[in-house]
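The structure appears below as structure tokens.
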Amino acid sequence: MGDEEGPRCIVSDPAHPHNVSRRDNYKVKHNCFSCGKNDVSWELRGFTDNFHYYCTICDIEFHRRCLQIPSKMIHPYHPQHPLTFTFVSYETKIVVDVNYGDFCTFLCRSGLNMPEYLQTIGSKSNIIFDKCTLCGNVLSEWFYRCSICNFFLDFRCARNFPPLTIQNPRSHHHSLALFRRPVSFPCDACGLINLLDPSYACHQCDYMVHKSCVDLPRVIKITRHPHRLSHTPHLPTKVSLCRVCYKHVDIKYGQYSCTHEGCTYVVHSKCATHRKIWNGGELEWAPEEPDETEAIAPFKKVGDGLIQHFCHHLHILKLEKYDRVRDSAKQCQACMRPISSQDFYNCMECDFFLHEVCANLPRKLEHALHHHPLFIDPYPLYDHDCGNLACSVCFRKSSGLMYRCREEECVGYEQFQLDLNCVLVPEYFTHKSHAEHHVFISPSYSEENEALCQGCKKRVYNYHLHCSLCEFVLCYECATIPNEIHYKFDEHSLTLSYGESGVDDKYWCEVCEKGLDPTEWFYINKESCTTIHHKCLFGDSGYMKPGHIFDYCGNKVEVVGNGSSSRPICLTCQYHCPHHKKHEKTHLPSIGRAFDGVKLLS
């Protein structure tokens with residue numbers, strides 16, 4: 001008989017656990033508490049364990065395997081009811097409460113497949129479940145469940161026993177004890193109620209905190225604010241809105257706030273530490289970073305209205321006043337939009353143009369759409385693989401400047417990058433399509449929080465803008481459509497219409513010559529009765545500069561403009577090509593479906 005101390009007795013109170021001891025080759029007094037058998041050996045795939053465990057206090061015994069994966073257990077996350085080991089077949093929709101040892105041994109010896117085995121069991125259930133109650137992950141075929149209240153734990157959570165006490169927590173000056181019941185009042189660290197998150201308590205101070213909030217960092221830095229933020233248990237003054245979700249902040253509970261004099265920036269604890277908001281760095285003992293403004297300036301002043309910009313450093317750029325003369329050849333090399341209604345920089349030696357706003361954007365940027373600093377690629381106009389041409393937020397392909405993340409986790413084929421049109425969208429503003437309320441950058445980035453864009457009517461899963469008071473949602477592609485644009489065949493400008501209600505007239509698109517739904521977004525010039533789909537004006541390559549060369553599947557490909565006034569019929573879609581040549585013999589058909597106008601060079 002061996003008396004070495006073993007793991008916890010699975011039926012003992014987690015707050016006052018009993019340790020079980022090991023016995024070798026000893027006559028079993030009782031049946032195994034888990035599987036109900038009294039044999040010492042537990043045979044599986046030819047392997048035999050000739051020892052078991054026992055608890056002298058509870059006077060019960062266990063096979064080793066049954067103790068590791070018991071059929072039933074009392075778990076600290078759900079101490080009020082026992083949890084039962086459960087297998088589910090998603091093929092047959094059958095739920096079976098089984099003993100793990102019997103289940104594996106039977107399958108091994110019988111050679112039955114899973115559906116055949118389930119037919120021999122004959123135990124069915126109409127239980128509805130799909131995720132672990134604690135961590136939210138999708139349940140696999142093996143898990144534990146409570147048959148009384150449908151509480152579910154996946155294997156990882158079921159085998160993860162939380163500490164009963166936590167010494168020296170970051171969030172409090174006393175030790176904390178596990179509170180083994182769901183807490184229906186706000187956590188003192190985050191101000192939220194979460195019945196699924198285990199809580200710890202300090203009864204001396206009447207302090208309650210979620211397990212996930214026990215070790216919240218003291219000092220952090222997020223890209224949405226230039227200063228560091230400190231976690232405070234409460235605020236002395238009234239603050240109205242969280243600067244991430246733009247919902248009310250209750251000053252009685254913990255939040256992150258800026259300690260700089262005169263700065264009232266505040267963020268909910270959970271918003272500030274969201275994986276898409278915070279980079280995970282704790283800065284409590286880290287020194288303040290030096291100001292790098294001068295080192296990363298985008299240009300040098302070389303005279304009155306003359307600059308040397310980092311992306312066109314060989315020539316001098318001169319500031320020009322917009323003269324309201326339309327010139328389709330003048331296109332900003334940064335944002336790829338026409339030079340219109342803005343002052344711009346003009347190269348004194350070649351056809352290179354930059355909007356004044358684009359020229360002043362810093363080389364290093366901390367933007368609300370990403371939790372790492374972003375840097376402008378100094379050579380965006382040279383060859384790139386086509387996979388690197390798309391913005392990570394609006395998914396448009398562009399040959400303009402891109403802000404890119406240099407962190408290892410964000411570098412690769414799917415490197416995070418922002419085009420300048422998305423960069424210039426404010427964090428919190430009023431969009432003309434929804435003037436009654438403000439919209440803001442939504443902190444929801446998962447597929448579970450899908451929404452319908454009110455502009456293009458497409459499903460939005462990732463980055464988008466959300467109304468602070470209603471369910472209005474806007475994707476970044478729609479949010480960055482210009483309100484006014486010039487069409488080359490019309491002397492008057494076109495204005496973006498956000499849909500018209502109660503219109504009986506039939507509209508036709510001047511470009512594709514197809515019908516146009518007036519309830520959807522489109523461009524219109526009421527003076528000349530011109531209406532155009534906004535997709536037809538931009539196409540797939542509206543932000544691709546003619547003459548730009550990039551790599552595509554090992555081939556050199558050039559973006560080409562349309563020099564034909566007849567707009568030939570596309571060989572693939574059988575409609576008039578919007579405004580670029582497409583699918584000619586010199587084009588790659590697969591590329592033609594991705595870009596409006598391309599030409600194979602090699």
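Cβ atoms are placed via backbone N, Cα and C, with glycine included.
Now, the feature entries from TrEMBL:
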{"type": "DOMAIN", "residues": "130-158", "note": "domain 'DC1'"}
{"type": "DOMAIN", "residues": "171-214", "note": "domain 'DC1'"}
{"type": "DOMAIN", "residues": "224-272", "note": "domain 'DC1'"}
{"type": "DOMAIN", "residues": "310-359", "note": "domain 'DC1'"}
{"type": "DOMAIN", "residues": "490-536", "note": "domain 'DC1'"}
{"type": "DOMAIN", "residues": "557-579", "note": "domain 'DC1-like C-terminal'"}
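Listed by sequence, the residues of this chain that lie at least six past the ends of the domain 'DC1' (130-158) yet keep a Cβ under 8 A from its Cβ atoms are 73, 75, 77-78, 81-90, 97, 196-198. The predicted model assigns the domain 'DC1' (130-158) a mean pLDDT of 80. Residues in the domain 'DC1' (310-359) partition by DSSP class (helix H, G, I; strand E, B; coil) as 7 helix, 14 strand, 29 coil. Across the domain 'DC1' (490-536), DSSP helix (H, G, I), strand (E, B) and coil residues number 3 helix, 17 strand, 27 coil.
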